[in-house]
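> Attaching a single structure in structure tokens format; questions to follow.
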Amino acid sequence: MSFNLRNRSLLTVQDYTPREFRYLVDLARDLKRAKYARTEQEHLKGKEICLIFEKTSTRTRCAFEVACSDQGANVTYLDPAGSQIGHKESFKDTARVLGRMYDAIEYRGASQAGVETLAKYAGVPVYNGLTDEYHPTQMIADVMTMREHSDKPISEIKYAYIGDTRSNMGHSLLIVGCLMGMDVRICGPRSLWPSEEYQTIAKRLKAQSGARLMITDNPREAVEGVDFIHTDVWVSMGEPKEVWKERIQLLTPYQVNAELMAASGNPQTKFMHCLPAYHDTETTIGKQISDDYGMSDGLEVTDEVFESQANIAFEQAENRMHTIKALLVATLGD
């Protein structure tokens, strides 16, 4: 391999250099082509992978399980009820047990400190499948997807993230674009901007890569000339209704709708979303939002945009599997 990523963990977006990150994207594209052509070779035969999910997931779990299956690895899935981590057993002790049984561990949960503790004590690679602070595996897929849907070099791609920018997706899209030298626009209400900690990381990376960075509360300014518009959900299950009401009122001007897509001035602008998306009333939460707040045509994105040709969120979701496979092969492969 061109780069030696063997036995490396992935805990934050900035853990890898731009060249290492680009290598993972290139490897993912090669593995994707091989899967489509049915010429894929197994590089993880006999490996044991543990997936710890304190937060449930569709895409992350399926991406890891299919990637492992394709590459010959075995998987143990620990759901929120199937692990004692943080309840009866500390992250440190869990790491020291699982590290003796598995070749790698994936963790998806709230705690960034938790996943970092796993990596410190497990003695095997640990992958952050999502925490409250970062979503690094999603970023490899997002960069791959933008590259596939643009004829520009990665460093010339322009994208905006619109919405709650202090979220794990807000942090991650802020940082990955600055890492890779891209044109990054982060847009949301000032009260929901990334903290100084994340802005400082982004600015340091920007100085190294030559990235262009805008943080603004003006959606039309943010999307001008962009190739891609990203967003994510505004609310989460388990939050108090008062929080939902306040946040929805605050973020309604930041909904991705046909008008905002057109404001880019680029008819080829694509829409991206890590999913799930609240774009209609066909889910329990979607119907609840419609009933309580009168937003029957979607929350963070309208159904019109979501069902349009501009939406590439499903290609983005597929690429989760190819990029996670690349990460596994690069860090564990023979």
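Cβ atoms are placed via backbone N, Cα and C, with glycine included.
Found this in Swiss-Prot, in case it helps:
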- Ser57, Thr58, Arg59, Thr60, Gln84, Arg108, His135, Pro136, Thr137, Gln138, Cys274, Leu275, Arg320: carbamoyl phosphate binding site (BINDING)
- Asn168, Asp232, Ser236, Met237: L-ornithine binding site (BINDING)
> Listing them in sequence order, which of the binding-site residues Ser57, Gln84, Thr137 have their Cα within 10 Å of that of Asp232 (L-ornithine binding site)?
none
> Name, in the order they occur in the sequence, the residues of the same chain whose CB lies under 8 A from the CB of Cys274 (carbamoyl phosphate binding site) and which sit 6 or more residues away.
Arg59, His135, Gln138, Asp142, Met169, Asp232, Ala313, Gln316
> To the nearest Å, how far is the Cα of Ser236 (L-ornithine binding site) from the Cα of Ser57 (carbamoyl phosphate binding site)?
13
> Return the residues near Gln84 (carbamoyl phosphate binding site), defined as same-chain residues 6+ apart in sequence whose C-beta is under 8 angstroms from its C-beta, sorted by sequence, else 'none'.
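Gln84 (carbamoyl phosphate binding site) has long-range Cβ partners Thr94.
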> So if I draw a 10 Å sphere around the Cβ of Ser57 (carbamoyl phosphate binding site), how many other Cβ atoms end up inside it?
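There are 15 such Cβ atoms around Ser57 (carbamoyl phosphate binding site).
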> Can you name the residues of this chain that are 6 or more positions from Thr137 (carbamoyl phosphate binding site) yet have a C-beta less than 8 Å from its C-beta?
Leu10, Thr60, Ala63, Tyr127, Asn128, Gly129, Leu130, Arg320, Thr323, Ile324, Leu327
> If I restrict to non-local contacts, at least six residues apart, and a C-beta distance under 8 angstroms, what lies near Asn168 (L-ornithine binding site) in its own chain?
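Same-chain residues close to Asn168 (L-ornithine binding site) (Cβ under 8 Å, separated by 6 or more) are Leu130, Thr131, Asp132, Glu133, Tyr134, His135.
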> Carbamoyl phosphate site residues Ser57, Thr58, Arg59, Thr60, Gln84, Arg108, His135, Pro136, Thr137, Gln138, Cys274, Leu275, Arg320: biggest Cα-Cα distance, Å?
29
